[in-house]
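Taken from TrEMBL as is:
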type	residues	note
DOMAIN	200-338	domain 'O-antigen ligase-related'
TRANSMEM	21-40	transmembrane segment
TRANSMEM	46-62	transmembrane segment
TRANSMEM	74-93	transmembrane segment
TRANSMEM	99-117	transmembrane segment
TRANSMEM	124-146	transmembrane segment
TRANSMEM	170-187	transmembrane segment
TRANSMEM	194-227	transmembrane segment
TRANSMEM	233-251	transmembrane segment
TRANSMEM	322-340	transmembrane segment
TRANSMEM	375-402	transmembrane segment
Amino acid sequence: MLSVLKKDLKTFRQDLKGQDSIFYLGLAFIVLYYLRPQVIIPGLEVIPWMEITILLGFLAMISNGRLKVTGTHFLVFLFATLAVLSGLNSLYPSISSKYLTTPFIFALEVLFLSNCVKNVKQLQLLLVVFFLCIFKMSLFGARTWISRGFGFAAWGIQGPAGFFQNSGEFSLLMAMCAVLSIPLILYMKSKTKLYWLFPITAIMTVMAASSRGGQLALLVGLIYLLLAYKKIRFKNLVYVAVFASFVWAIVPDAQKARFETAGSDQTSETRLEYWSAGIDIAKEYPMLGVGLKTFPEHYDRFYKVKGGGYLSNRKEVAHNSLIEVVSTLGVPALVLYLWFHFSIFSSRSLLKKHKDPGQDLVFLDSFRISLNGAVLTYFVGAFFMSVTFYPYIYFLLGLAIARVRIFREKERENSVENVNLIPKPYI
């Protein structure tokens, strides 16, 4: 087992050598974003590492003719433009003005990430580095849950400072990454089971987070994988039922009670009020909404019943990304936001028309399933969280654009090879 891991590590190090500078900057971007050494190590935070990395990356891409802009990029930037226009026309300009750069930052990150890998090998290496960064978080979450005796905590679990500090957002990241990793581990067909530690610890972290939205999102993602791999057979259903029974048995009673009261408890009723108000806001301001990031303020002024409960004195977000978008950015922005999900999801297998597809296409098809499962997981989680301007969907968009581009380049290569194999007639 360890010998296999040692051999894989050696191969990984060898594959990392000799890559181009753009790819290395892409790896630096992943490490800075998810491992965050600039925050962990004292004194490093004074330098804007992320901005420098992205700027150098774009300069290298332009000088090497590697910066490719697709229709998907255009629509991401269009969404960012609508968000900024909403901010400029906001009913609460003092709030929206603080976030005017955020939409374009995410759009630039999509453009950067999608162009920093040029082939299957680089995409694989980038994913390995990403999963290693996330494994640090999932291991922490699993250890926390074990230290509680697999018990329930009302506050869930706190992630690293930043986007994933809140328990709900942290659980969604772990759910997405667990689903994203499973098809790729299956593709590897490794002789060691150690790689399964990553999705297992990520799933344990979702359980520790005590977030119903994150747990439901994980369940939907795992069910999709069963359907994608055509594993819905009687024998497999028995295995799933046994596993589900085991998981349900170790789920704390307090967590079970939260699912049993879903829809009727105070938290659920309050969120239904948010969603109803968000729909009303969208009807009143359909084009650009009430303004970027202003749902809490608008709801507090016009919809909240003061003194009505433990949340009556707090300004809360919509707790639904669709409601957040349509109420603050408008209906056109919602259409684009929904389109992001469809652009990531692909139901067309890459292997059906190939008798001998080769390992690269097999990997890309496994990655297609990974992205499908991850975006479904995100969509379900985002239905219960306001995470429009969080990294999740933009990270998946960057990877999806890169996958499509690499696949098309492989198809062109195969077409050229097939043409060259056709015998030339004698003259």
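Glycine too: its Cβ is placed from the backbone N, Cα and C atoms.
74-93 is the stretch from 74-93, 99-117, 124-146, 170-187 with the greatest number of Cβ pairs below 8 Å to the transmembrane segment (322-340).
Between the transmembrane segment (21-40) and the transmembrane segment (99-117) there are 3 or more Cβ pairs closer than 8 Å, counting only residues 6 or more apart in sequence, so the two stretches are in contact. Mean pLDDT across the domain 'O-antigen ligase-related' (200-338) comes to 83 in this model.
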